[in-house]
Amino acid sequence: MDRLRSAFNRVMRSERYSRFTLQPAEDGERRGEVNLDAAAEEHGSPSFRPAPVQQNRRLLICLVLSATLLLLLGLIVGCATSRKHQAKPRGCEPKTTSAPPEAQPAEVQPQLDWKDLTKALADQLTKDALEVTLRNLDLNSRSAGSPEDLILGNRIFDTFTELQMNPWTDIHYVELQRPDSKRPNQIEFGSEVFKPSGFLAYSATGRVQGRLVYANYGRQTDLDLVEKITKLEGCVLLIRAGNLSFAEQVENGARRGASAVLIYPDVEEFQQNEDIELYGHVHLGSGDPYTPGFPSFNHTQFAPTQSSGLPKILAQTITAKTAKSLFRQIGGPEAEASSGFKGNLASVTYSLGGAKNISVEVNNQLVSTEIHNIFGVVKGFSDPDRFVVLGAQRDAWGPGYAKATVGTSVLLELAKAFHAMVEKQGFRPRRSIVFASWSAGEYGSIGATEWLEGYMSSIDKKVFTYISLDGMVMGRGSLIASASPLLLSLMESTMKEVEAPLGSGTLYEMMGGAGWEEKVMRPMAMDDPAYPFMAFSGIPSVSFHFITSNAEYYTYYGTLLDNSDHLNYQTNQHTAEITATAARFAGLMALRLVHDHLLSLDVSRYGRVLTRDVSRVYKRVQALLQSGELKDVGPSWLSRARGSFQRAAERISSAVQNTDLTDPEACRILNDRIMKVEHCLLSPYVSPVETPFRHLVFGRGSHTLASIAASADMEELRTQLALATWNLQSCSNTMMGNIWELDNEI
């Protein structure tokens, strides 16, 4: 091209151009351009001068040929360059003006209304389907980390794979405590020696001797009564199971100076064979107690540490038959009839003891165990990064039919139901649904807690609700539940839509209509599988149980009698039907949470709970001020912080009413504020390692409002009152949303 330009210039040497530049084109080729300077033309600059008329015709022909050749070469080079830069080959032909073919509109799935969705879900969750799954998952053994546990986990993984749910496995290496087969645990009392096969995981080990003392359920009030009669320091406490978790019973005994605790099932609560063994754990916490606050991933290097919830005294379960033998020899004064200490063991006087020594030996050993959590997901179409988690443990001490089989069966049937609704019926959930199968639940929700610890920094920003499927069916005739206040309105509306099992009307009508909360709701206990989600991670959580009327727990939990025969007896052979109802109840709550534009979390329901707890603290502080035990501090600051929380909740409710639900961004911003409520109630002033359950209302430790209201240490009370005040105020600020709307004044 340069040679052509030189020839062209020589031909045109009698002409003169004021602006001739070589401009790089978009395709990389330099092209000649003539730029006429406007200023030069304005001033009449002689930049162009015509050639003389008498010019050789030969030169003119050369000029024409050269120009033609230059044009052709330019077209060829331009076409070649254009082809090189196109993703697909395209010809150099001129564009045609013919109209493009008419675009075919994409097939649009009709959006199902709420009535269609609820019917579609109910049609999937049938009694017959649950009956088959319950039968297929019924196992004689499923202990955590066992071959049976791993095989069952693989079956769940394969089911999620068939449903195209992108399954994945979360593997942890945890420390589980089990009896030593070579050195069995034993109890010596007088001339008798007992060697129980049941055990309490995470008990301290060794051998102790002390006076045997009966202390009813081991509650603080029970211990107060016994301590008036005999000293508890160094004694061995005999306690009957119930009312508290094993861990809480052992903790109460340790605080009074006991050296060991023996726990037995009294026939008043456990109407079963007197030879039945009890199994459980005594870790006052959840997760692997040897990696507190952080996950038990393989090859993770941490300094050796232990959970503050591990007991420092021995703990062991015994049978009712063994307890009868101990009562016959215990001696000491007999418990008064009005004390509530007397159970229903035959031929037993329920004496308090304190006169004779007993020896307890515990030889449990730690076993490093690999456990698998299995996950599948139905992804949302608008906010796939936000999800509700439906979870169930699959391990148990024995058959675990009520504890694990029912929940795992419901988990799989719900996964199938939601998959079918998306694939076949055009359902488009806005948010994702994660299905989780946990291992090592019997050891204190280890699998679930390790997962929470592994994603502690981000989990609260993604998970907006946890629905526990564990122990959903324990009997017939009633329903009990524990939940975050944020979920109460959702539970109520769902109860109105789900038909009651084995009867007419809805669950709402079955449980008394407007007074359902008083009959159904219970405080969430520390051994509830949903508890670590709410108290450790600040995720709104719910667990519920269909149960025999007037009962509070299932007597076969923690025994080898938790099998299909006993559950069928409790449900009068209607286990599958009640399980289907429980599945619909859980599924409908999840459906509402992923379907609506706004999250169905009612912030206003926290007002009553906070008012109750703050009022208790207020009265306690006022009483201490009047008595002179506490000075220079007042309860009004905490009350004002509660007022700030209430105003922030009202602001969110107002924003909900004024939000355009067709605006995805506006809904997401508002949902962000709603999702932060539970999490911001976690105290930022305590360590998750030392005090894992950091929730201000539902946690456990000196930072909670309940603990402050009962504190006898004035300096501790003063400090915790200030921290609780700012915890609540900062939560209020977070709920307000915009920084220019905050009110930090207390």
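Cβ coordinates are placed from backbone N, Cα and C, and glycine is handled just like the others.
Automated prediction, rather than curation, is the source of TrEMBL annotations.
Residues annotated as compositional bias 'Low complexity' in TrEMBL: 99-109.
Here the domain 'PA' (208-273) returns a mean pLDDT of 95 for the predicted model. The domain 'PA' annotation in TrEMBL covers 208-273.
Annotation source TrEMBL lists domain 'Peptidase M28' at 373-581.
If you look up TrEMBL, you'll see 637-709 marked as domain 'Transferrin receptor-like dimerisation'.
If you look up TrEMBL, you'll see 86-109 marked as region 'Disordered'.
According to TrEMBL, the transmembrane segment annotation covers 59-78.
For the domain 'PA' (208-273), the DSSP-based tally of helix, strand and coil residues reads 18 helix, 19 strand, 29 coil. Across the domain 'Transferrin receptor-like dimerisation' (637-709), DSSP assigns 44 helix, 2 strand, 27 coil.
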